[in-house]
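Undergrad: For reference, the structure I am asking about is given below.
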Amino acid sequence: MEIPADLNLRKDVPLGDFTTWKVGGAADFFAEPDSSDHLEALVHWGRGQQLPMRFIGAGSNLLISDEGLAGLVICSRRLQGSQLDPTTGIIEAQAGEPLPTLARRAAKAGLSGLEWSVGIPGTVGGAVVMNAGAQGGCIAESLIDATVLDPSSGQTRRMSCNELDYDYRHSALQSEALVVLSARFRLQAGVDPSELSARTSSNLHKRTSTQPYQLPSCGSVFRNPEPQKAGRLIEGLGLKGHRIGGAEVSTLHANFIVNTGNAQAADMDALIRHVQAVVKQAHGLQLHPEVMRLGCFANSQAAAA
């Protein structure tokens, strides 16, 4: 298989280095494009080689199996940058732009609407796909549209917020094989930057004081079964501190599973399934993960049921 040197492809790259849980096997081929043109060239090559392709951002909502991923894995975290108009409140950001960076830049420009996201360890692309949210806010509230790439054809197009069919931690992109390249947001202009700075600082303090930032995690593991909170249900059943291998239900926030230092992806998967089973037995509720599994897991169908 001929690999063009200008694609900067690497072989057998451990993917745990590119997820916030720090677990997962290797990718057959791996690349971090630094421009949209580079990404499109990678997709063109992968399509020509008939390789399965996976796309990741900051890796904060992913559980990659210990066996790794076949084919080509493309990480968008180097596709950074944003442009904003302080008059109209419109801001456009590349898929790999860290969400906290975008939130702080908007706040400094007097643009309100992303303060809730300052503590989320993800990228714009991942946030658009997952309809990320916190502190009562979410991506869908301010998104105008997203520019997406269809890997099967190499074509790009814009999808409006309505087309993305947003719901709680859901978008149409979770079931469509499309890749976010950039996104546009409409924020409230003309707000005092010092007021916005105070809001972002307050939101960040709330997250860092109640969530386990000192250990690798993926963020919230389960969606909240409205009107209840997943973390409260899990804590109420005495599962804080429960371990399987190196995976542990956080003693600080029960909707977080942390890597205590030597966890495998299989440990994370098993603990997720254990928590689901205990909650189901006690309350008759099925907790649905926010985290997306990639690769092969034992009993994966049971876990997703």
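Note that Cβ sites are derived from N, Cα and C of the backbone, with glycine treated the same way.
According to Swiss-Prot, the domain 'FAD-binding PCMH-type' annotation covers 22-190, on the basis of sequence analysis. Residues or ranges marked as active site in Swiss-Prot: ARG169, GLU290. For SER220, the entry in Swiss-Prot reads active site, proton donor.
Have a look at these and tell me how they're positioned relative to everything else.
TA: Under DSSP, ARG169 (active site) is assigned to coil, being neither helix nor strand in the three-state scheme. When other Cβ atoms within 10 Å of the Cβ of ARG169 (active site) are tallied across all protein chains shown, the result is 19.
For SER220 (active site, proton donor), the number of other Cβ atoms no farther than 10 Å from its own Cβ, over all displayed protein chains, is 22. Under the DSSP three-state reduction, SER220 (active site, proton donor) is assigned to coil, being neither helix nor strand.
DSSP assigns GLU290 (active site) to coil, not to a helix or a strand.
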Undergrad: For GLU290 (active site), which residues of its chain lie six or more apart in sequence with Cβ-Cβ distance below 8 Å?
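TA: When sequence neighbours closer than 6 are ignored, GLU290 (active site) has ASN61, MET130, ARG169, GLY219, SER220, VAL221, PHE222, ARG223 within Cβ distance under 8 Å.
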Undergrad: Grab the pLDDT values for the domain 'FAD-binding PCMH-type' (22-190) and give me their mean, rounded.
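TA: In the predicted model, the domain 'FAD-binding PCMH-type' (22-190) has a mean pLDDT of 95.
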